[in-house]
Every structure is written in structure tokens, then in C-alpha cells.
Amino acid sequence: MLNIYDYTLEELKRRLHPPFRAKQLYHWLYHRYEEEFEKMHNLSKEIRQKLTQDYSATLTKVVREEVSEDGSRKYLFQTHDGLTYEAVLLKMKEKKEDEEGRIVEGEKYTICVSSQVGCKVGCSFCFTAKGGFVRNLSAGEIVYQIVALKRLNALAPEKRVNIVYMGMGEPLDNFENLIQAIRILSELDGLSISTKRQTISTSGIAPKIEKLGALDLGVQLAISLHAVDDELRTRLIPMNKAYNIASIIEAVRRFPIDSRKRVMFEYLVIKGVNDDEKSAKTLLKLLNGIKSKVNLIYFNPHEGSEFERPLESKMVAFQKYLTDRGLLCTIRESKGIDISAACGQLREKIIKEENCGNR
């Protein structure tokens, strides 16, 4: 059985005849969020039968939802082969102008999606790394995270959302399926999520950053840097042995960036590890000449971790050092702490519950 969400509109046009039926199917999948082919009444009976026979829109399903006090929602998905992965919906307030020029408060949504079941990178601070790598998600398994979260939260197809490939897994390690998912999500007759609203967060596979840049898709780039010297970064991210800081920075310098955008450098701040002024000074020098923004992230403690959450005063001082010298720097607002929103934590929680139940 084939996953219907694996295909672009053009690919479905080649599979369905006449081709205009593919556009109708896309409307049902991505505008009506319909998963049962038999309910797609403007498709012929013959096409509905073919779709039911050869394809499925329900190979992946949501098996758990947790809601945070701050409005964040975390979902656990289960694949056809019994594997689980996660996605998170973040709801934030924003101020914008209405048609009469008045400033009004609204809401914006960001969906944090997974690209793999588990991860190969093995970051020492990451909860997902504890479970190792299982397999890549297909393009359809990536796409379905957005479809499901929009449907479950009654978000209209035209409601703009931002997508960050920052959940379980290293997106650039699943390159072909990632690119296919981006193309499906940005399809004008589908969800129509502009590539400018899609951010790929990578631990820094330098050759894949170059390859992504060569495609010039218009996506945004975020680098999980977390350290400013190779010795510490290798301790935190073992993959740094293969792709050191210099190679990553060089690849970023060649990456095509929209004139109104910046490369995001994510910096997970860990108490007593990388929260000092010397690190801030080195980071400033490292990013010199790059149109960039630094996003400071509080380390989110989890069971068994050797690291601790930094002091707020240290975060503020780090930010001030950078901003005082002209580097745009923000402190990420913590979301979903009460529901263990860090990637991999809900999956691990469910596995533990199941193991306890089987004793």
C-alpha cells in the first residue's frame, strides 16, 4: 500500500487519468483534510476504487496528544510498522496591523516536525539520541505531521503556519525525502506553505548544506552550533569530528539567503559549559560577515542528563554582550516544559509506560 502523501501534484497527475483528477484529490487531502477516498464524491467511482486499492491516507496515525498550560501541543505519531515519532504545535501571540492601520493582537503557529525515527548524530545533550537511529521518515510521513496538526487544531488551509524541521532526527541526513516534503508542502494547490516559512535546522553536515544551497529552494537555514570551539562541540556533537566548525561556517557563507532573512544560529546554553563571556566573544568573531541571528536556548533538563539549565542572569548577560556589539540575538521563550516538549521525550515516556504495563 502506497502513502498518498508521498507524492507531488505533478506525480499524481501522471498516475491518475484524466490528470485534473489529481488536483481534485489534492483539494480533498490538503484543503478538506479528508482521509477516506470513498468520501471524495467528485471523483469518479473508478478512481476512488483505484485509490482505495493502491493508496492509503492513514498509514500513519496520531496515538497520543499532550497539551501544555502555555497552549503548546505535542503529538505522538505511529507508523504502519509500529514506530513512533513526534511533532509539536507552538502557539504564540503576535501584534500586527489591521486594514485600518490599527495594531491588533493575533496568534501565529509554528509546527516543529520530525524527519527521522531516532537520530544518528548522537548529541550528548539530546534526549532523542538515547534511543539511537531506527529509520528515515518518508516524505509522506513528514508531510502528514502538518496535515494532522492543522486538522486536529481546526486550522484552516489558508491559515499561515511556520514549519521548522527541528524535531526528532537530522533533516539533512534524510535529504531526498526532506526535499520531496518541502515541495509537497509548498504546492500552491495543496497546503501552499511558502518555502520562506520553512526552516531547516541542521547540526551541520557541511556538504549537505552546500547541496541544499545549490537547489536554491528559498528555505531558511538554522545551524545548531551550541559551541564555539571544536573540542567542546565534538564533546556535545560527536559529528563535529567529520564536519568541524570551520567547514560549517564556510558552507553557510555560500548559502543563498533572502535579502530580508538571516541564517539562524541556535546556541543551547548549558550551565557552566558554554555560558561565559569568552564564548560570547568567540561567537561574535566567528559570525563576523554573516547575515545572522543568534537564538539562545535554555537547556531543558531530562532524566539522566549530566547537564543543567543555565541561570537567567547568564542568559541575559550573554545576549547583552552580543546585541551591544551589533549582533541580533534573542532568547527563545521556553514552551511546553510541563509536557516534556523537547524532542524524543514523549516517545520515551510512552515506551516506558508500555514496558511497565507488560511486566
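Placed from the backbone N, Cα and C atoms, the Cβ positions cover glycine too.
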From S192, S194, S201, the one annotated by Swiss-Prot with G169, E170, S224, L225, H226, N300 for S-adenosyl-L-methionine: S201
For S201 (S-adenosyl-L-methionine binding site): DSSP state (helix, strand, coil): strand
In sequence order, the recorded positions (C112, C119, C123) whose C-alpha falls within 10 A of G169 (S-adenosyl-L-methionine binding site): C119
Maximal Cα-Cα distance (Å) across residues annotated as binding S-adenosyl-L-methionine, namely G169, E170, S201, S224, L225, H226, N300: 19
